Amino acid sequence: MWLTVGLYVQEGYRVPQFHGKWPFSRFLFFQEPASAFASFLNGLANFVMLTRYKASVPPSSPMYHTCIAFAWVSLNAWFWSTLFHTRETDVTEKMDYFCASTVILHSIYLCCVRTLGLKRPAFANAFGGFLILFLACHVSYLTLVRFDYGYNMAANVAIGLFNLFWWLGWCVRNQQRLPYVRKCVVVVLLLQGLALLELLDFPPLLWTFDAHAIWHISTIPVNVLFYSFLRDDSLYLLKANSDILKID
């Protein structure tokens, strides 16, 4: 591979891709060391913030269990992302893509529970069932019919935009009453903006840092900010419920 890359560069051609991937300098057994390390740091940030969330929010908070589930879904996704960038196989590639879709869908479910489900739990349960069915169909098509990269990207962009507009709509309606929702606004806008890095498909700097790795590095602080929002919101709901019980 490196002989081919050297000949291309020597003759003034663009650095080639191999099976759709840029050439990377390995570090130990890591095929894409920057992306693997960044994925690990994202997972570590999720774990640390999950620990802090559990330490500051009691289980009696209405959103507690939904937020905890979201944290574990996210941790699972970053685990598979780390494995995929460490060693690409058919299994690690599919698990990385499928688990990433699961995180977006669970974020939609989280938004549904927060905006509608607390007052209409039956609707939230039905909507959650629909999202599970959608995920099952999505995974089944990519596994049993054809692993279509274009379709997978389009599906994730569509559900990502749906997630964005739902969260933003709720935040705009509640920003005066709940000032901490600005954290959520920053998170969803940053996630969509940073995802555009995926379009900047350039050869890796120092044969290590490509656009995908930079994207993963940039999402580390975003994870911290989102859990900060979830903690603030959970504590607000706990206090609001406590005030209602006192009135009753």
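Residue numbering: from 1, along the chain as shown.
Backbone N, Cα and C atoms are what each Cβ position is placed from, and that goes for glycine too.
What TrEMBL records for this protein:
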type	residues	note
TRANSMEM	34-51	transmembrane segment
TRANSMEM	63-83	transmembrane segment
TRANSMEM	95-116	transmembrane segment
TRANSMEM	123-143	transmembrane segment
TRANSMEM	149-168	transmembrane segment
TRANSMEM	180-200	transmembrane segment
TRANSMEM	212-230	transmembrane segment
Range from 63-83, 123-143, 180-200, 212-230 with the greatest count of C-beta pairs under 8 A to the transmembrane segment (149-168): 180-200
Intrachain neighbours beyond the transmembrane segment (180-200), with Cβ under 8 angstroms and 6 or more residues off its ends: 160-161, 163-164, 167-168, 170-171, 174, 211-212, 214-215, 218-219, 222, 225-226, 228-229, 232-233, 236
The transmembrane segment (212-230) vs the transmembrane segment (95-116): 3 or more CB pairs under 8 Å: no
Tertiary contacts of the transmembrane segment (95-116) (same chain, 6+ residues out, Cβ under 8 Å): 63, 66-67, 69-70, 73-74, 76-77, 80-81, 83-84, 123-124, 127-128, 131, 134-135, 138-139, 142, 152, 155-156, 159-160, 162-163, 166-167, 170, 233
